[in-house]
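Lifted from Swiss-Prot, the feature list:
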- ASN64, ASN95, GLY142, THR143, ASN144, GLY145, VAL146, GLY147, LEU148, LYS149: ATP binding site (BINDING)
- GLU438, ASP539: Mg(2+) 1 binding site (BINDING)
- ASP539, ASP541: Mg(2+) 2 binding site (BINDING)
- 707-1174: domain 'Topo IIA-type catalytic' (DOMAIN)
- ARG799: site 'Transition state stabilizer' (SITE)
- TYR800: active site, O-(5'-phospho-DNA)-tyrosine intermediate (ACT_SITE)
Amino acid sequence: MEAFEISDFKEHAKKKSMWAGALNKVTISGLMGVFTEDEDLMALPIHRDHCPALLKIFDEIIVNATDHERACHSKTKKVTYIKISFNKGVFSCENDGPGIPIAKHEQASLIAKRDVYVPEVASCHFLAGTNINKAKDCIKGGTNGVGLKLAMVHSQWAILTTADGAQKYVQHINQRLDIIEPPTITPSREMFTRIELMPVYQELGYAEPLSETEQADLSAWIYLRACQCAAYVGKGTTIYYNEKPCRTGSVMALAKMYTLLSAPNGTIHTATIKADAKPYSLHPLQVAAVVSPKFKKFEHVSIINGVNCVKGEHVTFLKKTINEIVVKKFQQTIKDKNRKTTLRDSCSNIFIVIVGSIPGIEWTGQRKDELSIAENVFKTHYSIPSSFLTSMTKSIVDILLQSISKKDNHKQVDVDKYTRARNAGGKRAQDCMLLAAEGDSALSLLRTGLTLGKSNPSGPSFDFCGMISLGGVIMNACKKVTNITTDSGETIMVRNEQLTNNKVLQGIVQVLGLDFNCHYKTQEERAKLRYGCIVACVDQDLDGCGKILGLLLAYFHLFWPQLIIHGFVKRLLTPLIRVYEKGKTVPVEFYYEQEFDAWAKKQTSLANHTVKYYKGLAAHDTHEVKSMFKHFDNMVYTFTLDDSAKELFHIYFGGESELRKRELCTGVVPLTETQTQSIHSVRRIPCSLHLQVDTKAYKLDAIERQIPNFLDGMTRARRKILAGGVKCFASNNRERKVFQFGGYVADHMFYHHGDMSLNTSIIKAAQYYPGSSHLYPVFIGIGSFGSRHLGGKDAGSPRYISVQLASEFIKTMFPAEDSWLLPYVFEDGQRAEPEYYVPVLPLAIMEYGANPSEGWKYTTWARQLEDILALVRAYVDKNNPKHELLHYAIKHKITILPLRPSNYNFKGHLKRFGQYYYSYGTYVISEQRNIITITELPLRVPTVAYIESIKKSSNRMTFIEEIIDYSSSETIEILVKLKPNSLNRIMEEFKCTEEQDSIENFLRLRNCLHSHLNFVKPKGGIIEFNTYYEILYAWLPYRRELYQKRLMREHAVLKLRIIMETAIVRYINESAELNLSHYEDEKEASRILSEHGFPPLNQTLIISPEFASIEELNQKALQGCYTYILSLQARELLIAAKTRRVEKIKKMQARLDKVEQLLQESPFPGASVWLEEIDAVEKAIIKGRNTQWKFH
C-alpha cells in the first residue's frame, strides 16, 4: 500500500484547468477523428471547436488502461482487452487483468475519518497514486498522480468498478467529487477495471444533452484514440470501440489510416528502431514513414507510452537523421554543388508515425503531451536501420527532384535585350516569330530590317517579329541536367542551378511561354505559346552556326523535341558570299562555299568580279539588309528531326566523351552540290546534317585550337603566329610590340578569337625560361616574358614588351622552299597560314605541352635533342651504322634506339621505373641548422605553385616552421626550416622506397612524366599515339615526301626557265633577221614568232611560280604568249646581255643535273639535302642555347 501515498493538496480541485487545459471550446489545431467504420479506416480533420479539458478527461482514462496493459505485459495474467465506448455522452473504459487492489488505505481513512479504500484514493484523491514517484525505467504515460482525478472532478457522475480476483469493488462519485458514496464490495473471482462517467458538458461549453455534431465529433476523436491504442498495445491485446475491435494493430495500419485521404498512393516504409543498452533496449520503437508529394510539410503522430504526444526529442532525432541521409543522397543524385536542400525541404513530404515505449521520459506542456528527454539518449543508444533510411530516402529524393523540376518551371528572370512583337501572346500569336540574334551586332541588323515597314509594307516588322539576344554564347543544357529514374519507373530530368539561373535560356522560356512539363504534341498545346516559331539569327562562321545554333537546337531537342518535329525551330540563312560583277548592281549570292566553288569553276575568269565574304551578320551594309528583308521569308529555313538526330545530339552535346571522341577522329564530309540544292528547294535542314557538318566542323576547329598537329607540334593559333611572323619580319626583323604584332597576325592571318588570347599565345611562343613549354621558341622576347617563379604568368603587358622572329632558327627548321608545297587554310577566299608545317625535325616531341579538349587530354614531355638527331640521321643516312636497324624497328613497330626525356636546363635527375620516367628535384640537408635547402624542383613545377602546395599539406606543415624562397628566375633556392627534432620523425613517417627517399617524399620532389599523346591529324580529327616513337615514325614519311616534292617542283621550274632563257638567247641571235619592229602590232609579231618555232610561255608563272603545283606548271606555263620576248628592251639584246643569259642557262642546267641526281639518290630523293638541313638546324639550336636564344 506504500505506493498509494496521499498528498495534502486540497487546492488542486479548485484549479481545475492546471493540467487539463482550457475549460471552454477553442480551436484545436490538427484535431482529427475516425467518423466511419468502413473497411478502410480514415482519419479526417475535425473542424469545429472543442474543449481541451474534455478531451483530456477521456485521454487520461485511456492512458491509464494502456499503462495497466504495459504493467501486466510480462506477468502471468495479461491484459487481453481494453473496451472503450461512448454513447449519448457517457464514456466508458474497461480492461481485464489485475484490478486495483481492494484494501483499506490507512492514511486516507485517518484524514477522512471514514473507511477509504485504495480504488477511491487512486481515482479521487489528487496527487495520489503510483505515478507520483516513477522509476527511471518506467514506461507509464500517467504523471503527477492527477489523471483519473481530472476525469472525476469534471464529471456529473462516475462509477468506478474494479475486481482483483477475490472481491469486486463498485463506487459512485457524484457532483464533481463533492459526493463520494461508500463502495459496495462483494466477493468475485473476476479481474477487471471499468470507469464510466458523464462529464459536466454544459460547464465545458457543450449542449446538454450533446448535439448530434458534438456527439459525432467526440465519438470520432475517441475512436481515433482507440485506434492509436490498438497500434500501441499490438497484437496481444484487443482494443474495442463500441463493442467492435479496432483494426489498427500495427504501426503500418495506423499510418494508412492517417494518410488514406491525403496521400492514398503514398509509399510506406516501416522499421523497428532498437537501442543498444538497457532500459531502452527492452522497448524498441515501431516507425512507419509515409512519403508522398501530397504532403507539403512534415507531420507526425507519436504514441509514446500510450500518450498521443505532439512533440519530443525522438521526433527531432528522426528528422535530423533523415535530413543527413537525404541531403547526402540528393547531392550524389543531382551532382550539382549549387543545389542545396534544407531540413524543411528534406522532411516536407513525410508523414511519420512512431509507436512504442521510451523509459524515463518526462511530460511537459500544459496538457502533459510534450515528450522530454535528453536528445543524446537517442544519438547514443538508438540506431535507425539503414535499409529503412535507404528506401525512404530514395522516395524522398524522387519527390524533391520532381518538385524542383516543377518549381524551376516557373522561375522568372529579367530578360535583357528583348523587344516584344506587337501581336505576341495575342489572337495572332501563332503568326509571330521570335528572332533570336547571336549578339548586339545581329540585333542591330534585325532592327534595321524590321523598321523598313514604311518603305516595304509587305516585309517583316515588329508587328509580328520579336527580337531577343542570345548574348554571344549559350550554355550546353545537355550537361546541366541529371536523368533520374524513380521507384515508379518514371524518368525525371532535373536541371541544375546553373541552368535554371541562366538568363539567356530562361529568358527564351519566358518570352515564348514554354512549359517544361508540356510536350507540345498537339496543336492545342502549341497554341498556348506566345510565338509561332523561333528563328535563330547567327553568324555564318563556326562559332555561330556550329556552336551557338547547335546548342540552341540541342536545348529544344532536350526538353521539347516535338517543337522541332512540328517546325517550330528555324534559322535565318543569310548569304555567305556575294559576287559583284563589274557594271551590274545585283550580285550573285551564295549560301554555302561549295555553291560558290562550283559556280567559280564554270567561269572563264573572275577578273571583272568582286568577291565579298559575309561570315558575320554585321558585315552586311544597309542596302544589302534592305535587299535581304525584301525576301526575308525565303531566307527562313526550318529544322527537321530525322532518325539519326537523337544519337548525334547525344554524341556532340552529351556527357559521354568517348562517343564524341570516336566521331571526331574523322574529318568533316563537306556538303555536296546535290545536298545544298535539296536544302534550298524545300528550305528545310535536317538536324543530323547540321550536326554532322556545322557542329562537327566547330568541334574539330576547337580541337585544333587546343591540341597540336603531330606534324609540327603546333595549335592553329601558334601556326598563325608563326606564319604571320615569317611574313611580318621577312623584310625587316626589327622588334615589334606584342600588341602591334598581334594586330598584324589578326589582320593577315584572319584570327577571329580576340586580341587577348592572341597576345597570350605570342608571349608563350617567346618564353624561354627553365620549365617553359617551348625549348625552341619561334620568337625572341625583348622585355619581361615571365619566369619560372610564376610559370610565365608574370609576363609584362603586351603594350610594353616586344618580339622579333628567331629567324636563324626558323629559316633552318622551316625551310622557305617548303612553304610553296604545304596545304593552306583559306579565310574569306584568301590564303592564310598552312594547315600544318612539316619541320626538319619532329617538333611535336621536342617541346612540352598539356591541354584538354572534347574528352581528350594532351600531355607531352620534350625528348632529348641528341636522341632525336640520332634517330632522324639514322633514318636518312644509309651509311649510318644504325640505319638498317632503325628501318627494321619502324617496319615492325618496335623501339630499339633511345628516346629519353629532355634534361635541358634541368639540374635534377631523371629516373625510369617500369614504363614511366620520373623527374626529381634536388636538396641539401643542414642538420646543424635544421634546414633543408631545395636546389631544384621537378620538371615544369613553378616555384610559387610548389611552395603553396606544401603549405596546404597539413601533415607536412606539422614539421615545418618556415619556408623562405630565395629563388631567381634561373635558379632554385628554397629554404625549408624545420621544427626542432623533426628530421627523425620525418624519416619515420615519410618512408623511403625504391622510387624516392624520405625527403623527396616529404617535400614532393618527384613527379611522373606521364604522357597523353593525342594529336590532330593532317586531314582533321584526332590520332592517339602510345609512344613517342610512334609520333616520330608517323612524321618521318611526311618530311621525306616533302623533299621529293620540292625537288620535282624545282626540276619542273628549272626546265621551264631554261626553255624560256634558251628561247630568249635564240631570239637575240635571230632578232636582226626577224626584224619584228617592222610589224604593226603584237598580234603580227606573235604570229611570226610562232611560225619560227618560238614557244608561247607564261612568263609570270615561270618567274614566280609560288604556290603553283607541278601539274599547274606543266599545263599553264606553255599556254602563254610572247610577252617574254616582245617586252625585251634594246639593251637586253646586246651581246653582253646574251652572254649573261648563256651563263645563267649553264648554271640552271648544272642545278637541273644536280636535282636529277638528288632525285635518284638512295635511300630516297633528297636524303642528302635533309642531312644538310639537319646540320643547319642543330647549328642554329646550339647558337640559340649559347646566347639564351638571342642569337647574338
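Using N, Cα and C of the backbone, Cβ positions are placed for all residues, glycine too.
Here the features listed in Swiss-Prot are painted onto the structure.
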{"residue": "ASN64", "record": "ATP binding site", "Cβ within 10 Å": "25"}
{"residue": "LEU148", "record": "ATP binding site", "Cβ within 10 Å": "25"}
{"residue": "GLU438", "record": "Mg(2+) 1 binding site", "Cβ within 10 Å": "29"}
{"residue": "ASP539", "record": "Mg(2+) 1 binding site", "Cβ within 10 Å": "23"}
{"residue": "ASP541", "record": "Mg(2+) 2 binding site", "Cβ within 10 Å": "23"}
{"residue": "ARG799", "record": "site 'Transition state stabilizer'", "Cβ within 10 Å": "10"}
{"residue": "TYR800", "record": "active site, O-(5'-phospho-DNA)-tyrosine intermediate", "Cβ within 10 Å": "12"}
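ASN64 (ATP binding site) falls within a helix when secondary structure is assigned with DSSP. In the three-state DSSP assignment, the secondary structure recorded for ASP541 (Mg(2+) 2 binding site) is coil. In this structure the alpha carbons, written CA, of ASN64 (ATP binding site) and GLU438 (Mg(2+) 1 binding site) are 77 Å apart. Recorded residues ARG799 (site 'Transition state stabilizer') and LEU148 (ATP binding site) have their alpha carbons 94 Å apart, per Cα-Cα distance. Between the CA atoms of LEU148 (ATP binding site) and GLU438 (Mg(2+) 1 binding site) there is a gap of 80 Å.
Comparing GLU438 (Mg(2+) 1 binding site) with TYR800 (active site, O-(5'-phospho-DNA)-tyrosine intermediate), their Cα atoms are 35 Å apart once rounded.
Between the CA atoms of TYR800 (active site, O-(5'-phospho-DNA)-tyrosine intermediate) and ASP541 (Mg(2+) 2 binding site) there is a gap of 33 Å.
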